[in-house]
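Engineer: Pulled these features from Swiss-Prot for this protein:
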- Glu215: active site (ACT_SITE)
- Cys87, His214, His218, His224: Zn(2+) 2 binding site (BINDING)
- Asp153, Gly185, Gly187, Asp189: Ca(2+) 1 binding site (BINDING)
- His163, Asp165, His178, His191: Zn(2+) 1 binding site (BINDING)
- Asp170, Gly171, Gly173, Thr175, Asp193, Glu196: Ca(2+) 2 binding site (BINDING)
- 85-92: motif 'Cysteine switch' (MOTIF)
- 1-17: signal peptide (SIGNAL)
Amino acid sequence: MQLTLFCFVCLLPGHLALPLSQEAGDVSAHQWEQAQNYLRKFYPHDSKTKKVNSLVDNLKEMQKFFGLPMTGKLSPYIMEIMQKPRCGVPDVAEYSLMPNSPKWHSRIVTYRIVSYTSDLPRIVVDQIVKKALRMWSMQIPLNFKRVSWGTADIIIGFARRDHGDSFPFDGPGNTLGHAFAPGPGLGGDAHFDKDEYWTDGEDAGVNFLFAATHEFGHSLGLSHSSVPGTVMYPTYQRDYSEDFSLTKDDIAGIQKLYGKRNTL
């Protein structure tokens, strides 16, 4: 099967940039080059027809997703959105399921943590992973079981640069992590960039609990939401409180896939 990858990312390396055009608006040539790569990555086709769009149409798709006037022109504010750390899946409206709605069919999904960050004690990473998975399992008839060796449905780890899955990390900033849709092999696995500064709720660095909860949403089969403030919103904010929870939109999406958990 074809694997679907999702990741937190800020900017992508530029290539094949077009000459500065009218659509560039009030931005520099370098920013226009960055914007082209961003649009090709996150808005490659029309959300309804699935046809490949021009860059102008891609930009309008982005503006529509974020509730902005669909001018088809860049602005400093749009560039600001593009430069926020985020997950690397193309954007869609409200909650969305991945193509073909992949999901886990067993009621017990195993996970294994194979590598750690030096920023947090291992026991803290273990606790955060457990807490992030529990946020989802509290809403659906699915349970997670940790294994210490051998194979597991979801392999979780921290890695640098090229780490064997054809999606290398890029050092501090930009890409923060990525996860694969449910399935065999790499399916469901969640990787985090070891070069980031991972924290347990500090102001600086990346809040690992929030990032893990977001990525595990992808590991379960969710795509992105256009609703600001949701866990599955594509851009990463640094002001999430430690007592955040899944929103109604997040819950609606995951229950669309798995149904509601019986609390009786």
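First residue shown is number 1, and so on along the chain.
The backbone N, Cα and C atoms fix where each Cβ goes, and this holds for glycine too.
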Engineer: By a 10 A CB contact count over all chains shown, which of the binding-site residues listed here is most packed: His163, His178?
Structural biologist: His178
Engineer: Hey, for the Ca(2+) 2 site built from Asp170, Gly171, Gly173, Thr175, Asp193, Glu196, who else sits with CB inside 8 A of the CB center?
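Structural biologist: So the extra residues in range turn out to be Phe169, Pro172, Asn174, Leu176, Asp195.
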Engineer: Thr175, His214: which of these binding-site residues has the sparsest Cβ neighbourhood within 10 Å?
Structural biologist: Thr175
Engineer: Where does the residue listed as 'active site' sit in the DSSP three-state scheme?
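Structural biologist: SS state of the residue listed as 'active site' = helix.
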Engineer: What other residues of this chain sit with their CB within 8 A of the center of the CB atoms of Asp153, Gly185, Gly187, Asp189, the recorded Ca(2+) 1 site?
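Structural biologist: Neighbours found: Ile154, Ile155, Phe180, Pro182, Gly183, Pro184, Leu186, Gly188.
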Engineer: With H, G and I counted as helix, E and B as strand and the rest as coil, say where DSSP puts Asp189 (Ca(2+) 1 binding site).
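Structural biologist: Where Asp189 (Ca(2+) 1 binding site) sits, the three-state DSSP reduction gives coil.
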Engineer: Count the other Cβ atoms sitting within 10 Å of the Cβ of His224 (Zn(2+) 2 binding site), across every protein chain shown.
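Structural biologist: So the number of other Cβ atoms within 10 Å of His224 (Zn(2+) 2 binding site) is 28.
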Engineer: Cα of His163 (Zn(2+) 1 binding site) to Cα of Gly171 (Ca(2+) 2 binding site): how many Å, rounded?
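Structural biologist: Between the alpha carbons of His163 (Zn(2+) 1 binding site) and Gly171 (Ca(2+) 2 binding site) there are 12 Å.
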Engineer: Can you count the other CB atoms that lie within 10 A of the CB of Cys87 (Zn(2+) 2 binding site)?
Structural biologist: 27
Engineer: Which of the recorded positions listed here (Gly171, Thr175, Asp193, Glu196, Glu215) have a Cα atom within 10 Å of the Cα of Cys87 (Zn(2+) 2 binding site)?
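Structural biologist: Checking each Cα against Cys87 (Zn(2+) 2 binding site), the hits are Thr175, Glu215.
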